[in-house]
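> I am attaching a structure below and will ask some questions about it afterwards.
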Amino acid sequence: MNLLRTAVLLAKKDLYSELKTKQILVTQIIFAALVIVVFSFAFDPANNTTKAVIPGVIWVIIVFAGILGLNRSFISEQRNDTMQGLLAAPMEAASIYLGKFLANFMMILVVEIISIPFLFLLFDFKFLGSLPYFLIVIFLGSFGFVAIGTFLAALAANSKSSEMLLPLLLFPITTPILIGVVQATRIILTNMEKLASALAWIQLITAYDVIFFVVCFLLIDYVLEV
Amino acid sequence: MIEIKKLTKQADNKLILRGIDLSILKGETVAILGPNGAGKSTLLKVLASLIKPTAGSVKINGLELKKNQLEIKRMLGYLPHSSLLYDHYSPLENLVFFGNIYGATEVEQRAVRLVKEVGLSFFLNEPVKNFSRGMIQRIAIARAIIHEPEVLLLDEPHTGLDQGAISILNNVILSMKGKKTTTLMVTHDFKQAAEICDRIIIMKNGRIADDFYIENQNIGFVSKKYQLQVEGAS
């Protein structure tokens with residue numbers, strides 16, 4: 001119970017900080033908007049083949065905007081050694097991980113809620129697929145990416161070049177998730193006849209999410225050790 | 001209250017703590033003196049569960065540190081060199097956040113009272129980033145005691161403070177002493193050590209070189225003992 005309580009307190013603290021400083025979320029949203037605008041110039045929305053690009057664009061936004069947030073989540077605790085304050089407090093390392101994960105996940109969800117409808121609007125995309133399945137894929141993909149990303153952000157935070165190190169560590173490990181979500185999103189948005197194939201990808205992503213979330217949860221104690 | 005036996009800490013083939021044996025009673029205010037690199041801050045970090053010891057045992061209030069970290073952390077108030085405060089948060093927000101993490105009750109009222117006690121009630125809702133070093137240190141000590149800890153670990157708390165802030169800090173430490181709080185204070189300031197502490201521990205090369213009680217705030221006695229142990233003068 002204490003684990004969840006302190007994790008929620010930490011997540012609330014991070015989200016309230018973000019509300020005050022608007023450092024991460026604004027950067028993420030600006031980045032997402034830029035990607036959408038640039039892609040809308042590069043591909044003609046009137047052309048039908050353009051629709052095939054949309055699944056990729058969605059995940060480019062989530063992955064790169066996500067990294068912007070992940071990079072900051074543990075580095076922000078280095079100022080005034082506030083991480084030491086958290087470690088000296090009666091909360092487990094897993095609780096810190098869970099709190100940071102919740103805050104990062106909430107922020108990326110906000111970015112998705114704003115950017116994906118904007119993307120559909122700008123590309124004049126008529127949604128003919130299954131909305132529940134689409135939301136499940138977005139949720140599972142973001143969950144896995146942020147779960148692994150939060151763990152690796154904690155690992156990279158102690159390095160001087162953490163902003164370079166995080167993507168280097170993150171992309172190889174999240175490749176199966178990224179392949180799965182892009183494929184599943186493509187099928188759900190453009191080719192619902194192959195739903196069975198999308199479901200297989202969803203199962204793979206779910207298994208990957210569960211395994212890595214548990215592994216990160218168990219290993220964070222060693223990563224956060226002073 | 002605190003029982004340390006054969007405590008050793010090794011980092012990169014260097015022994016930082018070399019078999020520390022120490023027993024501190026409840027309510028004692030103890031100053032830890034020693035030259036740089038003597039292992040004073042490391043000892044505090046081990047007690048605060050920030051560093052795992054290489055060997056030896058630490059018991060606080062009868063609880064083994066290795067097995068009861070959460071219970072022990074709840075009893076501790078830790079103030080290191082850094083403030084551990086969130087810059088963009090106000091003193092009230094910082095204290096309420098840490099008070100809640102420690103599971104303290106009536107946090108908001110207590111936070112307001114503590115900010116008033118450290119003389120910053122006028123700045124209750126100002127972001128900490130606008131504060132001077134002395135003001136930050138005063139809020140930092142309030143943060144360390146927001147949950148009414150039984151043991152207070154202070155790492156050079158007087159550094160960079162003006163006379164007013166020093167006297168506020170000393171009053172806070174003495175009022176905690178009145179509530180039977182055990183205080184361990186790493187310091188280089190003999191005057192403050194002699195003024196507020198009952199007992200002095202001198203550390204050198206990871207070992208306890210001397211351990212004695214002082215009476216009548218005798219700073220001369222502390223200086224003499226320190227010179228004898230650390231500088232080798234008689």
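A Cβ is built for glycine as well, from the same backbone N, Cα and C atoms used for every other residue.
Just so you know, TrEMBL annotations never went through curation; they're auto-generated.
Per TrEMBL, transmembrane segment is recorded for A:24-43, A:49-70, A:101-121, A:133-156, A:168-189, A:201-224.
Any idea what these are sitting next to in the structure?
Remote same-chain partners of the transmembrane segment (A:24-43), defined as residues 6 or more beyond its termini with a Cβ less than 8 Å from a stretch Cβ, comprise 18, 50, 53, 57, 60-61, 64-66, 68-69, 72, 107-108, 110-111, 114-115, 118-119, 122-123.
For the transmembrane segment (A:49-70), the residues of the chain that approach it from at least six positions outside its boundaries are 24-25, 27-29, 31-32, 35-36, 39, 43, 104, 107-108, 111-112, 115-116, 119-120, 123, 125, 138, 141-142, 145-146, 149-150, 152-153, 166-167, 170, 174, 178, 181-182, 185-186, 189-190, judged by C-beta separation under 8 angstroms.
Below 8 angstroms of C-beta separation, residues 7-8, 10-11, 14-15, 18, 24-25, 28-29, 32-33, 36, 54, 57-58, 61-62, 65-66, 69-70, 73, 127, 138, 142-143, 145-147, 149-150 of the same chain, each at least six residues beyond the ends of the transmembrane segment (A:101-121), sit close to that stretch.
Panel annotation: around the transmembrane segment (A:133-156), residues 58-59, 62-63, 66-67, 70-71, 73-74, 97, 100-101, 104-105, 108-109, 112, 116, 127, 162, 165-166, 169-170, 173-174, 177-178, 180-181, 184-185, 188-189, 195, 198, 202, 205-206, 208-209, 212-213, 216, 219-220, 223-224 of the same chain, lying at least six beyond its termini, place a Cβ under 8 Å from a Cβ of the stretch.
Same-chain residues lying 6 or more positions outside the transmembrane segment (A:168-189) and placing a CB less than 8 Å from one of its CB atoms are 51-52, 54-56, 58-59, 63, 67, 70, 125, 127, 129-130, 133-134, 137-138, 140-141, 144-145, 148-149, 152, 155-156, 195, 197-198, 201-202, 204-205, 208-209, 212.
Outside the transmembrane segment (A:201-224) by six or more residues, the chain places 83, 87, 92-94, 96-98, 133, 136-137, 140-141, 143-144, 147-148, 150-151, 154-155, 173, 176-177, 180-181, 183-184, 187 with a CB less than 8 A from a CB of the stretch.
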